[in-house]
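Everything on this sheet refers to the single structure shown next.
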């Protein structure tokens, strides 16, 4: 445990430039913290023990929640009761009972075409679009590939694995059928060629194989379905076609009757044909379930293709015929449907999304028994539902998995670990009252695997904000996810009628209620959100329903200044006035400088209308106050970029690119509405002159799609769209570069900001006057008044270029070179806010309520709050808010704040203890507020009592207050920038966690800012990741990995070590159910299935070896457990020997059972033969 003494560190420092720190590397951006030489060593005498070391940290993924993105395949193990879903991105999700949810990924990323369980064997076969078969081992908590088989000359179209067989049938696009040994994953020499299967007289190719299945009556017969309508019944022993059937329409799927005498086909004309093996010349029955009935002699009207049909029999009722598609063409507006035919009843279940695949769950795994279906699993493009077949109205089961995260696209997230334990129960009790009704009363049928809580069970809550204005609270404890409570923020606004809401449409193209920011205080239960339509809503929690009017405030927050340009070297040309060059075009955020249709500029109009009538508010979160920014002189309000709430102070603060607003939500008054420039008072070194907004200028929507977003890599060419719409689209297709460039012929924009490295400022620029130049130069030669603001207002997102020519031609500079000039876009956005008991001015002796304000120029302003006493005066006397003129500076836009006391303990902001606002005692005259204040540790010595941690896009600094001495500065990155930074607690110690745009996750100790971890984890490939990435306490983090899935990860070594115990088991030992006794006569005359030996037929001895060029065997890693067993020396050998003995004993048991069965049959045959002999013993030859 290393101790750090500030005095010794400061005394040992050599002289260096103020604020300097070790620069980061080109890739990771990691550097070492350094002490500011201006520190007062005599002030800090106490030692701070930093207990965290690098051994405490390690990055690994934990679990993935949500619906599998872009699903393609579905499989079910009827014995283990587990479900597998394959996706277009090569992912596989395996689901069992609640808590059993496993994600695995093909390294190639190829789409999954088909999945096949080895029933009750703990293995899974996947066929991918790169024509590769994979065998997955599910007998470990993290599935791994055991074998792979890559087909080189043929494309895989269909696979079939018979129950209790080790030979996999593989159909190809050429119409051939190959056979693979599952144990060795080697191709058999036995091949069914397409030209051998069809008749010699056939002149056309039958097409790809679309179906393979063995006969339930005889395992030695294989049914092969070809796309053109040909079906071949192949005898595997004699290697010839026993029969063939032909139909005019293409085949999509086939399913057997359990007796093996009939099979049903679905066709492209919406018809179902039932075939009998005894009369293959024509269908036994042909129906078009959804076709219109025609007159006699005419063919029924064709319908849409039936993509899949399943034919399942019941012992005590009519069979079920279940199929997808087949609707009539004249019903184009009908939604995708699943049709269930049971006897004469036909039920059509309409779905919300297209059907990808469905499976019928049956009681038995044996195909030659009555199937007894009890449920249907329907995989939709964006949902997973299970239909109960045991009830006549076919209700659906309540899904225990969080498959509805994307019900409305996720726009922001928040993560809270180790929150108050009673919150989960409270939110669940409120949310359960609003759950949907009408679900099946039976339990969820997918119950495979096993799961326990594990050792780490502290409460965790995830909050997601959505595009429709809804907020969802999730219980994320013990790596599970369950929805607790849903809040609809749109209910506070009036519904927009058709033709109205033009002012909203000019702010955002769609989703006017979309959530942008979330602020939640779990202790006080104060909840606050900001929306894309420039509004803030404050909620209070109550257990009681009320009916009340919603209080609303309107705030004017529009401010502009004269743009100035710093003098540049003579090589830099002056900036021309771009107002005549830029066309009036809409920026990516949808904002534009518009004028009302009547010709009058809009002014003092909010984007949305708050309900004015009394509103019924159910128990839960109830709207306390709505704050809306309004139009100013024809310009729409800018979207909010920062938000903070203090329940102890009763104040909410928010800001955008124009300025800062502070509102008292107790007295419902606006305390401060001020432009960013005015916050500096006389300390603004820019010397910018305020003026009214320009009337006919090109409006630039400074919409920060993500907080603190800054210039990505400076030497870049390929842009990435960062508009709000990219966060809400469920399609990950990239935006073409040509489409982005055509938005404006002279400049490119990201969220309305200039992004082109060769274009001039988005606003009109002009030279400084000589007086202005003298004001700038008074700070010394080579010292600019402020650092250049290379934040979200001017950013370049691209891939690195290697040529020096493009570096020289690019006007955009990196942050290190940007210090030489003032940013061309003079707008300074508020990017971070923080309430804390702190020292507002230098050398203050006592703490007071303060608001820390961080801007996109890297400036930090401390605004003191003069609050009345906590009693009744707080409800009547005004709150005074006035900028103090105190400011600190960093490089890059400010992202986050935090405070520590002099002992190194993290200070939490003060809060008000929650009390139900609608449950006040009648005898109580006033509202008594109970506040919890966190003050710095008292000390008798005169000196600094508090450390403030500030992190920007480029660096982190630790200041000592009230002296405002910079103790530590750490330059985190020079070539990239920080997307997300949070001060978190792990192992009872504070640390700074950062996620960088180049994909690095970095952890630094506090207060010394020593690097603890620097891992290249995730390159920024989509703005969704940047928008939703967040850290929390106890080493947890999450982000939205796809439009439908949340990925959780940990940076704690302890949790990585315990992760295996927390994950569920995918496989549990279960005895395979016994097959029904077929009886002697059925066994004797029912077919030759029991005597069929696939090993003898497909083995190398009889079938020979397959061509090496046809497929390539690729051994897999086998998983961690397999590798440990192989590398375990004697233990590994003992394990293998034990497994071999178990398998041998199992085979001997099966052999004994078969021998007993054969002896019973032999005895019965001998008895019958003896009786027959006695019957005809005394008869003469002529008596026969």
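A Cβ is built for glycine as well, from the same backbone N, Cα and C atoms used for every other residue.
Heads up, TrEMBL stuff is auto-annotated, nobody curated it.
Marked as region 'Disordered' by TrEMBL: 15-40 (among others).
Sequence-distant contacts of the repeat 'WD' (105-146), counting only residues of its own chain at least 6 positions beyond either end whose CB sits under 8 Å from a CB of the stretch, comprise 72-80, 82, 84-92, 94, 152, 154-161, 163-164, 168, 170, 180, 182, 185, 365, 1060, 1063-1067, 1070, 1072, 1114-1122. Per TrEMBL, repeat 'WD' is recorded for 105-146 (among others).
The annotation repeat 'WD' is assigned in TrEMBL to 244-285 (among others). For the repeat 'WD' (244-285), the residues of the chain that approach it from at least six positions outside its boundaries are 198-199, 207, 210-211, 213, 215-218, 223, 225-233, 291, 300, 302-311, 313, 319, 321, 323, 325-328, 367-371, 1087, judged by C-beta separation under 8 angstroms.
If you look up TrEMBL, you'll see 568-593 (among others) marked as region 'Disordered'.
Annotation source TrEMBL lists region 'Disordered' at 746-769 (among others).
Taken from TrEMBL, the feature compositional bias 'Polar residues' applies to 746-767.
Here TrEMBL flags 1119-1179 as domain 'V-SNARE coiled-coil homology'.
Averaged over the repeat 'WD' (105-146), the predicted model reaches a pLDDT of 95. Under DSSP, the residues of the repeat 'WD' (105-146) split into helix, strand and coil as follows: 0 helix, 23 strand, 19 coil. Helix, strand and coil content of the repeat 'WD' (244-285), in residues and according to DSSP, is 0 helix, 22 strand, 20 coil.
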